Each structure stands twice: as structure tokens, then as C-alpha cells.
Amino acid sequence: MTVKVAINGFGTIGKRVAEAVLKQDDMELVGVTKTRPDYLAKAASLRGLLYVPEEKLQDFEKSGIEVAGTLDELLRKVDVVVDATPGGIGKEYKKVYEKYGVKAIFQGGEKHEVAGFSFSTLCNYEEAHGKQYARVVSCNTTGLLRVLCTLHKEIGIEKVRATIVRRGADPHETKRGPINAIVPNPVTLPSHHGIDVRTVLDIDIATTAVVVPTTIMHLHVLNIVLKENVSKEKILEALEAAPRILVIPSEFSGIKDTAKIIEMARDMGRKRYDLNELAVFEESISVNGKELFLMQAVHQESIVVPENIDAIRALATNVSKEESIRKTDSTLGLVKTFDDVLKVISRFE
Ligand SMILES: NC(=O)C1=CN([C@@H]2O[C@H](COP(=O)(O)OP(=O)(O)OC[C@H]3O[C@@H](n4cnc5c(N)ncnc54)[C@H](OP(=O)(O)O)[C@@H]3O)[C@@H](O)[C@H]2O)C=CC1
Ligand SMILES: O=C(OP(=O)(O)O)[C@H](O)COP(=O)(O)O
């Protein structure tokens, strides 16, 4: 079965999910929507994929950008819509999705209640089968859950305390900051990230967050109390066996910060230097009895893309979790180990 997909909101997340859908042999990208007639709208129009809300038709006509139809027309043609509009707007669109009986996947900027089900592949893929709505949790929550669900399943987690160092803006965002400050975010504790984790995984977790002047990645400092004493080897074994977690051997690789991780993605030839994998610094993993510390980096613009593709399958098909991960990760070219990274980089021309 081919799942017909629409993307409402062709921005940072939407354009990446659209490209990922195009790579799936069991999905068809029917169209994407734009509200502003800019270069991305023009590019989508050249592919015959551009749909716009009815009240915006005139703006596109004036700009000479040809549209394939209205958002309502697009929704009549599809099985699933991925809503990647700015946070809070998806809630308004839900009424339209309901009207056309189309399944919808929302993003982390929406509240859990909008979908009533928050999704993270490694944690709850199977529970999504047959649902009408799902919300792919935000980039930070996706990064946290990849590690936490893996360790909870393998060893068991008693308690998590974490600090999220958030990037100030995405690279294209001109009007955000800070430019020269570290901002408590929020100053009253805890931050929303731990609360968001609990919409998927019922564990004792509390998080704090600060925003810093960088655009490329978030960084998490995790302190996890496990249910039993562990060794560093056991943690490494669990993380290396899990999909979408890339352990970075900082010592010999020379990769000791987020700038170097992004340089690695550039050397790999990743489009827009995307890194769908969660990057865990091997050197940071330290264990004392049941207590584990580690640091990990999240490429905020791309980490949720594989989860969106899995969410489409989980809602609209009977494909198993393992098969969906296999299809998604192989089509998007995800790597499992640092040796795989080296193999990709060594293909330089
Ligand atoms: N950026 C990030 O790091 C991450 C974001 N998220 C979440 O993903 C969601 C989308 O964020 P992001 O991609 O960054 O946002 P962007 O602002 O980059 O993209 C949103 C797009 O939606 C379009 N849009 C705006 N208003 C409307 C509307 N009323 N109807 C249809 N389209 C509209 C805009 O394009 P135009 O108006 O030109 O058509 C814009 O390009 C949010 O919930 C966010 O919290 C999740 C993980 C990471
Ligand atoms: O950090 C993010 O989400 P999160 O902190 O809610 O996990 C996303 O990158 C979106 O962040 P923004 O709301 O600062 O644009």
C-alpha cells in the first residue's frame, strides 16, 4: 500500500520531512503548502507540488507562482498530513483535518493534548497503529527519549536529572537570540523537556534548560540513576546496539564539541549538514555504581525527521517497528557506528 502524504508548513522541519517522504517506496508526496510566495514556494511549484490556503491564492497569483490547488483540495487527496506549521498553529488546523477525515501528525511545538498521543519510535511505535492523530515530540525530547527508552528497556531507570543547553536560533532565523548572553529558560524550574518526556515514558525525570548563542545544535548533560550497578562497557553496548544513536569516540576522532560534529556531517556530504542521529560523546560516559553521567548533542533541524516517517507508517499501515526503522534509516542513509561514518567520509572525490 502506498500512503499518500501532504506536508502542511514547508519550513525547517516540513521541507526535510517532504524530502524524506520522497525517498520512501511505500509513500507518495502529493503536495506541500506555503503561505508566502518565496523561493521555496517557487521550487515546490516547479515540481507541481505547491498548494496554498484559499485566502492566499491572490498573493501567489500576483507573484506569478503557479499553484496546483488549495489546501482543502490537497487534504481531499491524501491519507496523512504532516503538520509542520509553527508551534501553536497546528491546533487551529486540526479542525480542518477533522473535516476531511485525514490522519494528522503534529510536531513538538503543539501541546500533547492536540493529538492526545505523543510519539517516539523507540518507545511507543506499536501504540500508534491505527490512531488518527500523533504528535512527534520535539527535538530535545526525541534526543532524550532515544537514550532513555533504550536504557530503561535494557537496564531500568530510577531517576533522571538533566540540563538542556539549547541553541539560540536555527541558522536561518534573523530575529532571534541571544547574541551575547546565557538565558535561563525558564528561570523557574523545571523546564518543559522532562514533562514532555513523561508524555511518552513514565519515569522520574526533571530537567533544567538554558539558551546560548549558537545555532547548530543543542547539548544535553544527563545524570541517570539506573536500577542496578552498571559498567561503562554495558552502557556502550546498549547505546551502540540501538538505532539512531551514534557514539562519538572523542579521544581518537578529535570530535569534542558540537562544531566538530557538524563538520563531520559536512564531511559526510549530508545535505544541509543534517545529522538525524543522536550524537553521544563516548568520553563523557562515566559510571559510579548505579549512577551514570553522559553528554549528547542534538541536531535540532533534522533529528525528528526519521520519527516523522515512522509515525506516518505507524498511523497508516501495519508495518512493524523493526521494518519501519530499517526502511527509514536505510533510505535516509543513517549510520550506526563511527566506522560507518569513516566509510562514508572515505568515499571523498
Ligand atoms: N526548528 C526546530 O529546531 C524544530 C522545530 N520543531 C517543531 O516543528 C514545528 C515547525 O517548526 P519549524 O519547521 O522550525 O518552523 P518554521 O518556521 O521553520 O516552518 C514553519 C513553516 O510553516 C509555514 N507556515 C506559517 N504559518 C502557516 C500557516 N498558517 N499555514 C501553513 N503554513 C504556515 C511557514 O512557511 P510560509 O509561511 O512561508 O509558508 C514556515 O516555513 C514546530 O512545532 C516546532 O516546534 C521540532 C523540532 C525541532
Ligand atoms: O528546541 C526545540 O524544542 P524543545 O526545546 O521544545 O525541545 C526546537 O528546536 C524548537 O525550539 P524553539 O521553540 O526554540 O524554536
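A Cβ is built for glycine as well, from the same backbone N, Cα and C atoms used for every other residue.
Unlike curated entries, TrEMBL annotations are predicted automatically.
The active site, nucleophile feature in TrEMBL is assigned to C139. Just so you know, the Cβ of C139 (active site, nucleophile) picks up 24 other Cβ atoms within 10 Å once every protein chain is counted.
Annotation source TrEMBL lists NAD(+) binding site at T12, I13, G109, R167, Q300. Counted within 10 Å of its Cβ, the other Cβ atoms near R167 (NAD(+) binding site) come to 23, all protein chains included. In the three-state DSSP scheme, R167 (NAD(+) binding site) falls into the strand class.
Under the heading D-glyceraldehyde 3-phosphate binding site, TrEMBL lists S138, C139, N140, H193, G194. Counting only residues at least six positions away in the same chain, the Cβ atoms of V160, A162, I205, A206, T207 sit under 8 Å from the Cβ of G194 (D-glyceraldehyde 3-phosphate binding site).
Averaged over the domain 'Glyceraldehyde 3-phosphate dehydrogenase NAD(P) binding' (3-139), the predicted model has a pLDDT of 98. The domain 'Glyceraldehyde 3-phosphate dehydrogenase NAD(P) binding' annotation in TrEMBL covers 3-139.
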Sequence-ordered recorded positions from T12, I13, S138, C139, R167, Q300 with Cβ under 6 Å of an atom of ligand 1: T12, I13, S138, C139, Q300
In sequence order, those recorded positions of I13, S138, C139, N140, R167, Q300 whose CB lies under 6 Å from ligand 2: S138, C139, N140, Q300
Neighbourhood of N140 (D-glyceraldehyde 3-phosphate binding site) by C-beta distance under 8 A, where only residues 6 or more apart in the same chain count: I164, R166, H193, D196, H218, H220, V298, Q300
Nearest-integer angstrom distance between the alpha carbons (Cα) of G109 (NAD(+) binding site) and S138 (D-glyceraldehyde 3-phosphate binding site): 7
